[in-house]
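Listed features, source Swiss-Prot:
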| type | residues | note |
| --- | --- | --- |
| TRANSMEM | 3-23 | transmembrane segment |
| TRANSMEM | 45-65 | transmembrane segment |
| TRANSMEM | 78-98 | transmembrane segment |
| TRANSMEM | 101-121 | transmembrane segment |
| TRANSMEM | 129-149 | transmembrane segment |
Amino acid sequence: MNILKLVASILAVLAIGFAGSFFTAQSVQTWYAGVEKPFFTPPNWLFGPAWTLLYFLIGIVLYIAWENGFWNDSRVKATFFTQLGLNFLWSILFFGLQNPLAGLVDIIALDIAVILTIVYIYHHSKASLLLLPYLGWILFASALNFAIYLLNA
């Protein structure tokens, strides 16, 4: 086990999440506080710990893919980094631009990218199963995003 690669992988993914949270934090207390939300909206305090755990798991998968040479499969590399980019972009669209419709389009693409990432990494390793909690969370977030769009359109 290469501890340096593991730490670098986890920190890289956490850094992307932290960068996205910059757009989120500014809007949670202002714009998002006034948005009509569905009954199944979790409390705001839950999002930080949930995302931290998920980014940690994503970082472990990044490490496993990197350490075991899965990057030689261009599909793994493309879908993995696409889903990270879409994840970051969602915070900008939904919170930064305060645009639930743009966020919805992005998160649907994110759902697809994560599913493909799981499938492509699974061909190499069952470590892709570490992404299942992430997929579950973003599918829930997709439903939440859709409901917020409908309630505020």
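Numbers here mean position along the shown chain, with the first residue as 1.
Positions of Cβ are set from backbone N, Cα and C atoms, glycine also.
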Tertiary contacts of the transmembrane segment (101-121) (same chain, 6+ residues out, Cβ under 8 Å): 61, 65, 70, 73, 75-76, 79-80, 82-83, 86-87, 89-90, 93-94, 127-129, 131-132, 134-135, 138-139, 141-142, 145-146, 149, 153
Ranked first among 3-23, 45-65, 78-98 for CB pairs under 8 angstroms with the transmembrane segment (129-149): 45-65
Non-local residues, at least 6 beyond the ends, that sit with Cβ under 8 Å of the transmembrane segment (45-65): 5-6, 8-14, 16-17, 21, 24, 71, 76, 80, 84, 121, 124-125, 127-128, 130-131, 133-134, 137
